[in-house]
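*Asks:* The structure's right below; bear with me while I get my questions together.
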């Protein structure tokens with residue numbers, strides 16, 4: 001099993017408790033389905049209640065399992081077209097190669113990335129290269145795992161300026177029901193998170209972040225409680241007195257409803273609170 005996480009997935013359990021089950025200030029619909037020929041369709045639409053702006057996207061995915069190939073096409077209402085071709089676990093177990101391209105017909109702008117990642121039980125590493133003739137940017141990351149401990153490094157190098165534009169470190173520990181994650185970004189941004197699965201129904205998370213040279217410390221607490229196999233409640237609060245509440249209900253297999261609200265605790269009577277509504281449909 002190649003289960004070492006990527007750098008971006010470090011601390012993911014804590015992030016999920018804070019982010020999943022909420023959709024403040026918008027009405028959102030997600031639809032996923034699969035054709036008889038094996039083509040996967042995914043579409044989503046958002047309407048923001050404060051601005052009235054609406055957006056949407058469509059994604060199709062087709063897998064050729066015998067050759068380890070996956071073809072993905074994307075389109076959104078900004079008229080941006082994306083194509084992704086990936087080859088996984090064929091040249092070597094745990095190796096994934098990807099070509100990701102973007103085309104904007106209105107402006108003729110084209111861009112792309114070459115991606116490579118390699119995962120094993122005790123490490124994972126990867127690199128992305130922008131396809132830009134003026135000077136590509138090279139991204140790289142690596143994560144080492146040993147007896148539950150995780151250490152990661154992430155960087156980006158701007159070849160046009162010949163300097164590092166990103167320099168991040170992370171250290172964490174992962175167990176079955178507990179995760180600890182700390183990180184330092186560019187030597188100026190510091191953060192950490194703790195995830196605890198109390199039991200089969202309750203998950204909790206704590207998040208802390210601050211920036212060097214600033215007194216602005218960000219702190220938050222979040223929890224998720226499963227009432228039953230169909231219903232869950234979510235709540236979170238931060239040091240800015242913003243309170244988030246979420247309710248998720250599986251109405252029937254493949255149909256999920258999410259209600260959420262963001263309350264400004266400092267200005268409770270002044271209004272400005274946000275609500276959200278979401279539907280997820282899968283067939």
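Just so it is clear, glycine is given a Cβ too, placed from its N, Cα and C backbone atoms.
Sharing the feature lines straight out of Swiss-Prot:
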- 2: N-acetylcysteine (MOD_RES)
- 4: phosphothreonine (MOD_RES)
- 12: N6-acetyllysine (MOD_RES)
- 15: N6-acetyllysine (MOD_RES)
- 20: N6-acetyllysine (MOD_RES)
- 53: ubiquitin cross-link (CROSSLNK)
- 54-64: transmembrane segment (TRANSMEM)
- 69-76: transmembrane segment (TRANSMEM)
- 80-89: transmembrane segment (TRANSMEM)
- 90: N6-acetyllysine (MOD_RES)
- 109: ubiquitin cross-link (CROSSLNK)
- 110: ubiquitin cross-link (CROSSLNK)
- 111-120: transmembrane segment (TRANSMEM)
- 123-130: transmembrane segment (TRANSMEM)
- 137-145: transmembrane segment (TRANSMEM)
- 163-175: transmembrane segment (TRANSMEM)
- 178-185: transmembrane segment (TRANSMEM)
- 202-211: transmembrane segment (TRANSMEM)
- 218-227: transmembrane segment (TRANSMEM)
- 231-238: transmembrane segment (TRANSMEM)
- 241: phosphoserine (MOD_RES)
- 242, 243, 244, 260, 261, 262, 263, 264: NAD(+) binding site (BINDING)
- 254-263: transmembrane segment (TRANSMEM)
- 266: N6-acetyllysine (MOD_RES)
- 266: ubiquitin cross-link (CROSSLNK)
*Asks:* Using C-alpha atoms only, work out the spacing between residue 244 (NAD(+) binding site) and residue 20 (N6-acetyllysine) and round it to an integer in Å.
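*Replies:* Given the Cα positions, residue 244 (NAD(+) binding site) is 11 Å from residue 20 (N6-acetyllysine).
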*Asks:* Over all pairs within 242, 243, 244, 260, 261, 262, 263, 264, the annotated NAD(+) binders, what is the largest Cα to Cα distance, rounded to whole Å?
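*Replies:* Site span for NAD(+), by Cα atoms: 14 Å.
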*Asks:* Based on Cα distances to residue 242 (NAD(+) binding site), point out the closest of the recorded positions 4, 20, 109.
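*Replies:* Nearest candidate: 20.
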*Asks:* Near residue 109 (ubiquitin cross-link), which residues of its chain come within a Cβ-Cβ distance under 8 Å, counting only those 6 or more away in sequence?
*Replies:* 102, 103
*Asks:* Between the Cα atoms of residue 260 (NAD(+) binding site) and residue 241 (phosphoserine), find the distance and write it as a whole number of Å.
*Replies:* 17
*Asks:* Cβ under 8 Å, sequence separation of at least 6 from the ends of the transmembrane segment (80-89): give me the contacting residues as numbers and ranges.
*Replies:* 67-74, 95-105
*Asks:* Who sits close to residue 110 (ubiquitin cross-link): which same-chain residues at least 6 apart have their Cβ under 8 Å from its Cβ?
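*Replies:* Once residues fewer than 6 apart are set aside, residue 110 (ubiquitin cross-link) is near 101, 102, 103, 104.
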*Asks:* Under 8 Å between C-beta atoms and at least six apart in sequence, can you list the same-chain neighbours of residue 266 (N6-acetyllysine), or say none if there are none?
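*Replies:* Once residues fewer than 6 apart are set aside, residue 266 (N6-acetyllysine) is near 240, 241.
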